[in-house]
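Asks: Have a look at the structure that comes next, please.
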Amino acid sequence: MKRTPTAEEREREAKKLRLLEELEDTWLPYLTPKDDEFYQQWQLKYPKLILREAGSVPEDLHKEVQEAFLTLHKHGCFFRDLVRIQGKDLLTPVSRILIGNPGCTYKYLNTRLFTVPWPVKGASTKYDEAGIAAACQTFLKLNDYLQIETIQALEELACKEKSNIDAVPVCIGPDFPRVGMGSFDGQDELDIKNRAAYNVTLLNFMDPQKMPYLKEEPYFGMGKMAVSWHHDENLVERSAVAVYSYSCEGPEEESEDDPQLEGRDPDTWHVGFKISWDIETPGLAIPLHQGDCYFMLDDLNATHQHCVLAGLPPRFSSTHRVAECSTGTLDYILQRCQLALQNVRDEADNGDVSLKSFEPVVLKQGEEIHNEVEFEWLRQYWFQGNRYRKCTDWWCQPMTQLEGLWKKMEGVTNAVLHEVRREGVPVEQRNEILTAILALLTTRQNLRREWHARCQSRIARTLPVDQKPECRPYWEKDDPSMPLPFDLTDIVSELRGEFGTLPWSA
């Protein structure tokens with residue numbers, strides 16, 4: 001079943017088409033460090049983009065981080081994601097792994113990634129290999145370092161804005177003197193720290209030589225893209241993003257820009273920036289050498305788009321983010337499940353439940369949570385196969401727990417349907433219940449069909465065994481352990497037919 005694009009997706013696609021139409025056969029201008037006006041343009045139009053050159057990062061940290069990347073790669077911990085874009089399943093050219101606070105998730109392109117926990121104080125995590133444990137510890141150390149650097153950069157930016165000056169450098173080399181930025185009141189200081197409170201890092205890997213096809217950058221003619229133009233999703237508003245880049249060539253092999261070459265050097269990895277939907281301001285293509293870091297501060301991620309332009313060597317990156325986790329942690333979804341199940345009075349040995357209330361608002365909330373845990377958590381997790389077991393078993397017990405709570409919610413739905421069908425229920429009460437639940441049951445049926453089809457798709461069948469999508473929860477029609485069938489078509493049709501006078505379209 002093809003998903004209908006959201007209004008936001010349709011608007012974004014329309015903007016893209018309009019921009020391409022305006023361009024016709026011409027390229028927009030962009031600048032590289034070879035251009036005289038490059039740094040001036042960066043300062044004027046991209047002041048919230050900061051580059052820390054590799055020489056300004058401690059050498060021992062470089063060594064640890066680069067070893068950690070290679071260790072995770074050796075253990076097969078990077079995975080290409082089967083993502084959903086405008087109703088189509090696509091395999092990302094970049095392989096990824098999410099590391100971060102225990103129980104956190106990060107959602108992008110309709111895909112929820114689950115953290116391999118880094119070893120924060122008070123948490124106990126069992127890793128499959130000692131090398132994986134050491135790597136997670138290293139990325140926590142890098143996170144702490146980048147957090148300090150980000151706070152410094154945000155303070156510099158705030159001072160610049162307060163003083164109304166343009167003196168803050170956008171590119172900082174190893175000899176740049178780090179000076180105190182003066183005083184901030186408590187609220188300003190807290191705000192800056194919160195905007196740098198990275199709770200996850202999304203690690204990326206790509207070897208361009210093993211990718212038979214990469215898209216060409218469509219607006220500026222910048223060459224092959226590893227990652228298309230985008231805003232990073234699912235972040236706390238105005239929070240920073242910090243990126244550590246590691247391309248695998250040795251320092252002696254790094255290519256210097258050829259002054260005779262027009263545009264960016266295609267052998268070198270770059271990050272591209274442009275102001276969203278602006279065809280007047282030149283874009284930037286910033287070369288990324290081994291160990292360089294860049295920072296997107298304040299609202300830059302909202303007002304600008306960025307892309308990653310492929311070079312020749314394999315490249316890793318660690319992208320540190322303040323993920324918007326208000327609805328994306330294990331604690332959150334467990335609390336939601338408990339809220340839904342507060343309406344259960346008793347549960348019999350055979351799984352039948354009795355409910356405390358048939359108030360429509362209570363039933364609607366329960367069915368909403370039922371859908372949330374099934375489609376935002378269980379199916380998202382199992383769609384990624386057994387990939388997380390390569391690193392840790394941290395999510396195994398929580399997923400078993402969530403599945404048990406979800407199964408109780410199946411019993412709740414069954415109890416609601418029994419009430420709807422019970423003789424003697426006043427027509428008005430029956431209609432109120434149906435108005436509360438039928439749209440949610442219809443959504444559940446449609447999404448189950450969609451997820452089942454995604455798991456069976458041709459592209460899903462090409463994945464390695466440990467990454468093959470699993471349609472879970474799934475059960476056959478005559479499974480005695482389940483109160484309701486997997487396929488709700490007949491139930492939805494029955495309810496619609498029996499109560500067809502209700503305004504279901506609403």
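A Cβ is built for glycine as well, from the same backbone N, Cα and C atoms used for every other residue.
From Swiss-Prot, for reference:
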type	residues	note
MOD_RES	T4	phosphothreonine
REGION	32-326	region 'Fe2OG dioxygenase domain'
BINDING	R96, Y108, H230, H231, D232, E233	substrate binding site
BINDING	N204, Y294, R315, F316, S317, T319, R321	2-oxoglutarate binding site
MOD_RES	K215	N6-acetyllysine
BINDING	H230, D232, H306	Fe cation binding site
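So where do these features actually land, and what's packed around them?
Replies: When Cβ atoms from all protein chains are considered, those within 10 Å of E233 (substrate binding site) total 14, not counting its own.
The Cβ of R321 (2-oxoglutarate binding site) lies under 8 Å from the Cβ of Y106, Y198, N199, V200, T201, L202, D232, L235, S239, V241, each on the same chain and at least six residues away in sequence.
Within 10 Å of the Cβ of K215 (N6-acetyllysine) there are 13 other Cβ atoms, across all protein chains.
Secondary structure at H306 (Fe cation binding site), as computed by DSSP, is strand. In sequence order, W229, H230, V271, G272, F273, K274, M296 are the residues of the chain that are 6 or more apart from H306 (Fe cation binding site) and have a CB within less than 8 Å of its CB.
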Asks: Nearest to Y294 (2-oxoglutarate binding site) by Cα, among Y108, K215, H231 (recorded positions)?
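Replies: Of the recorded positions Y108, K215, H231, H231 has its Cα closest to that of Y294 (2-oxoglutarate binding site).
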Asks: Work out how many Å separate S317 (2-oxoglutarate binding site) and R96 (substrate binding site) at their Cα atoms, rounded off.
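Replies: Distance (Cα to Cα, whole Å): 10 Å.
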Asks: Neighbours of the Fe cation site H230, D232, H306: Cβ within 8 Å of the Cβ centroid, same chain, sequence order.
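Replies: So the additional residues around the site are V227, W229, H231, N301, Q305, C307.
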Asks: Of R96, Y108, H231, E233, which binding-site residues come within 10 Å of N204 (2-oxoglutarate binding site), going by C-alpha to C-alpha distance?
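Replies: Within 10 Å of N204 (2-oxoglutarate binding site): R96.
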Asks: Taking just the CA atoms, what is the gap between R96 (substrate binding site) and R315 (2-oxoglutarate binding site) in Å?
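Replies: That separation, Cα to Cα, works out to 12 Å.
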Asks: Starting from the Cβ of H231 (substrate binding site), draw a 10 Å sphere and report how many other Cβ atoms land inside it.
Replies: 15
Asks: For R315 (2-oxoglutarate binding site), which of the recorded positions Y108, K215, H231 has the nearest Cα in space?
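Replies: In terms of Cα distance, R315 (2-oxoglutarate binding site) lies closest to K215.
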